[in-house]
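Shown next, in structure tokens, is the structure this report addresses.
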């Protein structure tokens with residue numbers, strides 16, 4: 001591992017966190033890929049939803065909020081995390097130190113609770129199909145509430161952030177007051193609120209939805225329209241399960257790392273821990289770039305939107321964009337299978353809208 005020297009009152013200090021140039025270049029390429037793919041992909045998702053009326057559904061409004069949170073975190077925090085992780089020296093001043101500690105928690109909260117809102121919306125639509133769905137106005141209110149709660153949860157990180165000079169460098173850290181409960185309690189609460197609890201909630205919701213969609217028999221006299229709607233709903237649920245699982249896998253090592261750091265700080269004095277941190281941080285930040293790829297691969301309308309957005313690229317196959325402009329049909333026409341004697345599954349798909 002390389003080092004840099006700093007002189008203070010005649011004493012030479014070595015920054016043991018400086019790495020060889022070849023490692024810096026490799027990590028820089030890896031982190032740059034996250035920023036490029038995430039920002040371009042999520043901005044394209046936002047454009048697809050905003051520019052096409054057919055895409056303005058309850059689910060897609062939450063996906064828009066998810067895309068905004070992920071693009072913002074990727075743009076404003078990924079490069080900073082990389083730079084600070086490479087040298088463990090803070091170059092960006094107190095104000096950005098506060099923002100750097102504050103915004104990721106808010107963005108992750110907004111991301112995972114947008115996914116939770118989608119899971120609950122799918123649950124209500126399929127398990128309780130006769131209840132009224134959220135309107136676009138109500139959806140926007142829910143998004144606003146999510147961000148208010150996210151900012152409140154992250155505020156202590158902003159308020160107690162500080163910078164300090166240590167031998168040879170400047171660091172950005174959380175300066176918890178002495179009279180408060182130990183800061184591990186706060187971090188445990190954060191992990192529960194932005195990881196464990198919403199994942200448990202989504203797991204239960206999608207388990208029930210999955211059993212309803214896949215374990216029930218399709219009535220033999222069902223129309224082709226009904227079968228198409230059933231297939232479409234299964235695709236939406238599959239896509240969202242992939243999104244949630246990807247998020248959970250990417251962020252699990254990060255949360256484990258910081259919980260271990262709170263309770264066993266002596267483990268983090270080893271020389272290899274910097275590489276572990278950079279790898280774990282890369283995995284967590286990379287969660288912001290996968291969703292646009294998932295949407296494009298698993299959803300026909302998003303795929304058409306990406307083709308439309310990048311139609312000038314020679315490597316993008318030309319296709320039809322008509323699916324994006326279809327008139328939105330919130331409720332399906334009443335089918336024979338939705339009569340008084342139809343099954344619970346049949347009722348569910350008589351009142352669902354497509355993603």
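In case you wondered, yes, glycine gets a Cβ from its N, Cα and C as well.
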Transmembrane segment range according to TrEMBL, out of 185-215, 309-339: 185-215
Residues from the same chain, set at least six apart from the ends of the transmembrane segment (24-50), whose C-beta lies under 8 A from its own: 56, 60-61, 63-64, 67-68, 70-71, 74-75, 78-79, 81-82, 86, 278, 282, 285-286, 288-289, 291-293, 295, 301-302, 305-306, 308-310, 324
For the transmembrane segment (62-82): best-contacting stretch of 102-120, 141-160, 185-215, 236-256, by Cβ pairs under 8 Å: 102-120
Residues from the same chain, set at least six apart from the ends of the transmembrane segment (185-215), whose C-beta lies under 8 A from its own: 105, 108-109, 112-113, 115-116, 119-120, 122-123, 126-127, 153, 156, 176, 230, 233-234, 237, 240-241, 244, 248, 251-252, 255, 258-259, 262, 344-345, 348
Other C-beta atoms that fall within 10 angstroms of the C-beta of residue 172 (disulfide bond): 22
Conformational class of residue 97 (disulfide bond) under the three-state DSSP mapping: helix
Listed in sequence order, residues with CB under 8 A of residue 97 (disulfide bond) and six or more positions away: 90, 161, 162, 163, 172
